[in-house]
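> Okay, here's the structure, questions in a sec.
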Protein chains: 2
Amino acid sequence: MISKTIQGQQRIIIENLSPQLDAGRFAVKAFVGDTIKVEADIFLDGHDQLAARLRYKFSTDETWTEKKMTFVNNDRYETSFEVSKNGFYTYTIEAWVDHAATWEHEIDMKIKDGQQVNVELLMGANILDKMSKIASKEDKTELKATAKIFRDNNTYNEAIAFTHSEKMHNWIEQYPDKQFTTTHKELKLWVDREKAAFSSWYSMFPRSASSKKGQHGTFKDVEENVLPRLKSLGFDVLYIPPIHPIGTQFRKGKNNSTTYLEGEPGVPYAIGSELGGHTDILPELGTLDDLKHLIATCQDMGIELAMDLAIQCSPDHPWAKEHPEWFKIRPDGTIQYAENPPKKYQDIYPINFESENWQGLWEELKTVIMTWAEWGVRIIRVDNPHTKAFGFWEWIIAEVQAVYPDMIFLAEAFTKPKVMAQLAKLGYTHSYTYYTWRNTKAELIGYMNELTKTEQALYMRPNFWANTHDILPWCLQTGLEPMFIIRYFMAATLSANYGIFGPVYEYMFNEGNPNKEEYKNSEKYEIKYWDWQMENKLTHVIRKTNEARIENSALQRTNNITFCDIQNDQVLAYLKTHPNGNKILSVVNLDPYNRQGGNVRIPLNLIHKHPDQEYIVHDLITGAKYVWRGEYNFIDLDPHIMPMHLFRIEDI
Amino acid sequence: MISKTIQGQQRIIIENLSPQLDAGRFAVKAFVGDTIKVEADIFLDGHDQLAARLRYKFSTDETWTEKKMTFVNNDRYETSFEVSKNGFYTYTIEAWVDHAATWEHEIDMKIKDGQQVNVELLMGANILDKMSKIASKEDKTELKATAKIFRDNNTYNEAIAFTHSEKMHNWIEQYPDKQFTTTHKELKLWVDREKAAFSSWYSMFPRSASSKKGQHGTFKDVEENVLPRLKSLGFDVLYIPPIHPIGTQFRKGKNNSTTYLEGEPGVPYAIGSELGGHTDILPELGTLDDLKHLIATCQDMGIELAMDLAIQCSPDHPWAKEHPEWFKIRPDGTIQYAENPPKKYQDIYPINFESENWQGLWEELKTVIMTWAEWGVRIIRVDNPHTKAFGFWEWIIAEVQAVYPDMIFLAEAFTKPKVMAQLAKLGYTHSYTYYTWRNTKAELIGYMNELTKTEQALYMRPNFWANTHDILPWCLQTGLEPMFIIRYFMAATLSANYGIFGPVYEYMFNEGNPNKEEYKNSEKYEIKYWDWQMENKLTHVIRKTNEARIENSALQRTNNITFCDIQNDQVLAYLKTHPNGNKILSVVNLDPYNRQGGNVRIPLNLIHKHPDQEYIVHDLITGAKYVWRGEYNFIDLDPHIMPMHLFRIEDI
């Protein structure tokens, strides 16, 4: 017996459809406005012709849009479609044996060979009859009339002439006989808003925003002191660590001390006290209304506020009392605090994702995010997502984006490569990356190519950070000004999404704890006072670079990068191009001590110049313009003057 | 609401399991005796430990066999299993959070740090209690006793000592707590018998087997004249074109003439007459009993008979009358003959796989193969499988191999690469290949690497043919003796499965039809007379090469090939090694006119020699032995003497 699931007459195979991720297990990602190129191997047995169409629709569309796929070579077909909306698209390919096209080709060969084709014309008449059943009213009449001509020996010559007419050809395309159609499994494409493609992040602690030394900063202080600076420097995302009540049990003191002095503010990540938890506000920062006001003021200035989701509790968090089942209970009845034996972190209770009441937990966490979303939050930075269950992230990101497709999630997963990749596959919009530790030319090129030229380009969006409030990398502990400039500049030009933790970055603060890549006197444990007006060479570079990013679309994407040859291991050169013609060449001296130079090889095909053609390279940091010609052009960079060029390539 | 399909507490991800083909859509292939290395990325959130096991079973096994997977690096785990039976195996991986192992690690760290671990011992006691529920009778008692020690403060030190005992460690491995286990989708592995790995084919027309000139050869003639020659030359598969009654309507004459003279035998591929079809025998060849006798005689001599399945009919085939619905019916009521417009092949009716009665057709074709199988046939060469529906092949190969797992199918699909690959994925044991047209060093290395070092190695088994009864490639039309030797030798040593169409090959017959890669006066259209005793230099090479193939396991596999550097584009050198220590180095001069030489670079790691160590290369064709040393050794090949070396690498 032949299984009833077998479609015996279906002859077409559709394979290797791209883009797709893990056989459709995960959605591929794109940005609003992208053109998605779809390709597949499509073939059948024998010599019959086939027809193939891409079908796609936005989640709320009722009907599919179809596009004809065109043959490339070696059984590969392609077409493309534009995605204009933020949300899910579904796409697939269907293909069928195109008997009409086969007939058209064969009768043509026979006519050219001088054969009698009376029987073939009868076949054609049958094809026309089939078409007439699905044709428009006008065509229906004409199709029937043509079939009559095909069947009548007296109009043999007229029929023959018609077989290779344009009208016949168009009918064959327009009224396909989709018998035994093969349809590929439907695939999903997630389309993010533009902000997910291009963003400049600035991270700071609101409690350090006061203009009065020794005073706890407030949301109002952020509005008054911080936002004008961000606007002036060109940042468009303000990311702040948790703003909730902070626990007092086992509160940490300055420099992560296990004891704290009266009045020390504690760590914002020890979330929750008798004043509330993840949907409550630390009174010292202001009220919920103050927060909403800050969000609104940000919006007015073209800045978005990113909140920080840390799924953990201080021992004083309401959940510890109300939902002890969401934590691990030790045999002595106490809740298990965080530990990395032999180290203990008694100020933190981690959540147990194996909880029997995991549904209740998930729903509560959804409530947290939905509450924030109601306040107006559309960007969430997630603290250590790699220590929470993968399945939870897949669920919650989908749940939230079903209501707020514009919600952006950044995964702070400084962890193993495959775990980092998995979080991106499951739905995270952005990922913190290893950029912070990629220093040499080989490391940088290798890492960028991994991100942009492998399968990772389908799902992983890097967000390059030169530092964070947790990380002061070794290279910055040198304190060298060129190093701060280089690391900032590369973050902002290699990746379209990047960030810094300030103002320690602008101040080029370089003191770490011994043998650790972390800040001494970290703001995680104390309130700081900053001059929010401070300007120096680095702020000049930041301002100019962000200006260039805003004005040049080539810098607003990441995967459009091409590294350029230059015979100097201390010089990194990379070109970014945009379909609108914008072309940016960055050249960076990686050596913070010495002048370095060489001949950069420009891929002329990408800048559309002839080998003997002159063009201008316009440095957007210094304003200088140079006339270059052809493929190889010399550069020389003194790190003490300016360790890089940010060239726009312009016509002469 | 959270979907009921979500396993919220399941925390482990298993990805990139290898081997697998198209996400498990197709079975991976292996041979009896193979060791299958299984790898996967396995990871979870956070810092808990995990345990992973491979599970596999043969189709008839009732229970799974389990093997522990070991950590390699970067979240990759591996193990392997041996396949000892011909048929389907199923395999998968399961992994779970190993809370016991995590506990063992953490309590160890705390004890070393000098911490009090009373609560941790209580956790351990709970773990021991859980183990005791699934433990053996003896262990159960001991587990319970140990749990008591863990719970008693008076035996604190004893308990502590036990936490890092070997017994504790073994219990953790032996009695896992498989809560919230993640199990990978089950994958299939098809295991073929040894013959599928290693075979030497000889193809000939039985009707040309007579020792009397002008007489129609018979199965008896094959037994008397052909089998002794095959045995002597070392072939172990005799492949014969169709042996069924031949149609008379539109019968082809000599050299594919559309008219035939009285007495001309016709083309064996025009299958079917009033005497019957695919399960009947052309009387001139003998009876069914004669065929069975031939099969038995072959078996006695260690040779297998391969039959030819051509799914097409002459107009006289019984199916044309009984099942016109299996063919395309033209509007004039006639059955559509084969054509490639403007060419017509009126002696052949192709089958219409879009037939409404496709089930009836499939069942009938299954009857054909099952009938042959009952006669004792276990190898089937399929003519032009790429002109029949893919779905049919997947079904019929599975149906036949469910009863006869030892059945070998060879796809004669000289067609586009992706179609050829698809047939192999769907179940074909062997594939004819592009070897026949790969001549230069770059072509040969590129093609071999595609077959053996890409995903194709999982499913595509090449069968290399120097010629076929349809194909006399240009290179052989030169008629040069070294070319016949080279092309034969490479087929037999690059691929473990190979074949020639004889005796034209041994005779070095080189006359083709003008501008065609086909034989003039082809045996497809006429009966030939041959001297089945003929010996020449080429038959000497064939005999010696087949002897070497039989005696050297390294030549009995294909994917074990490594090409060796040699700075001469006319010399091809390749090493094959077998785990049993057998090592064969082939060196071929591709230039049939001139002496060519150079220094072959031997990969010393593969032959297990030191750079200054001497070893013997023993030419298995000539018997000569040379002492070589280290990495680079000189060779020089005169094509007029012998265009190649077949070296066994031996210890001194």
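Yeah, the Cβs are placed from backbone N, Cα and C, and that goes for glycine too.
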> Of the candidates B:Lys252, B:Lys441, B:Lys453, B:Lys583, which one does TrEMBL list alongside B:Gln312, B:Asp347, B:Asn384, B:Lys524, B:Tyr525 as binding alpha-maltose 1-phosphate?
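Among B:Lys252, B:Lys441, B:Lys453, B:Lys583, only B:Lys252 appears alongside B:Gln312, B:Asp347, B:Asn384, B:Lys524, B:Tyr525 as alpha-maltose 1-phosphate-binding in TrEMBL.
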> If you measure from the CA of B:Asp470 (site 'Transition state stabilizer') out to 10 Å, which recorded positions from the list B:Gln312, B:Asp347, B:Asp383, B:Asn384, B:Glu412, B:Lys524 are inside that radius?
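So the list reads B:Lys524.
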> Hey, what's the Cβ neighbour count for B:Asp383 (active site, nucleophile) at 10 Å?
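There are 19 such Cβ atoms around B:Asp383 (active site, nucleophile).
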> Report, in whole Å, the straight Cα-to-Cα distance of B:Glu412 (active site, proton donor) from B:Asn384 (alpha-maltose 1-phosphate binding site).
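Counting only the Cα atoms, the answer is 5 Å.
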> Do you know offhand how many angstrom separate B:Asp347 (alpha-maltose 1-phosphate binding site) and B:Asp383 (active site, nucleophile) by C-alpha?
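Distance (Cα to Cα, whole Å): 16 Å.
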> Does DSSP put B:Gln312 (alpha-maltose 1-phosphate binding site) in a helix, in a strand, or in coil?
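For B:Gln312 (alpha-maltose 1-phosphate binding site) - judged by DSSP and reduced to three states - the answer is strand.
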> Any same-chain residues 6+ apart from B:Gln312 (alpha-maltose 1-phosphate binding site) with CB under 8 Å of its CB? Would you list them in sequence order, or say none?
B:Tyr269, B:Ile271, B:Ala338, B:Ile348, B:Tyr349, B:Pro350, B:Ile351, B:Asp383
> Roughly how many Å lie between the Cα atoms of B:Lys524 (alpha-maltose 1-phosphate binding site) and B:Glu412 (active site, proton donor), rounded to a whole value?
16
> Taking only same-chain residues 6+ apart in sequence, whose CB is under 8 Å from that of B:Tyr525 (alpha-maltose 1-phosphate binding site), what do you get?
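Counting only residues 6 or more apart in sequence, the Cβ neighbours of B:Tyr525 (alpha-maltose 1-phosphate binding site) under 8 Å are B:Lys252, B:Gly253, B:Lys254, B:Asn255, B:Asn256, B:Ser257, B:Glu264, B:Gly266, B:Val267.
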> According to DSSP, does B:Glu412 (active site, proton donor) fall in a helix, a strand, or coil?
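The residue in question, B:Glu412 (active site, proton donor), is strand (DSSP, three-state).
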> For the domain 'Glycosyl hydrolase family 13 catalytic' (B:203-549), what's the mean pLDDT in this predicted model?
97
> Ranking the recorded positions B:Asp347, B:Glu412, B:Asp470 by other Cβ atoms within 10 Å, which is at the bottom?
B:Asp470
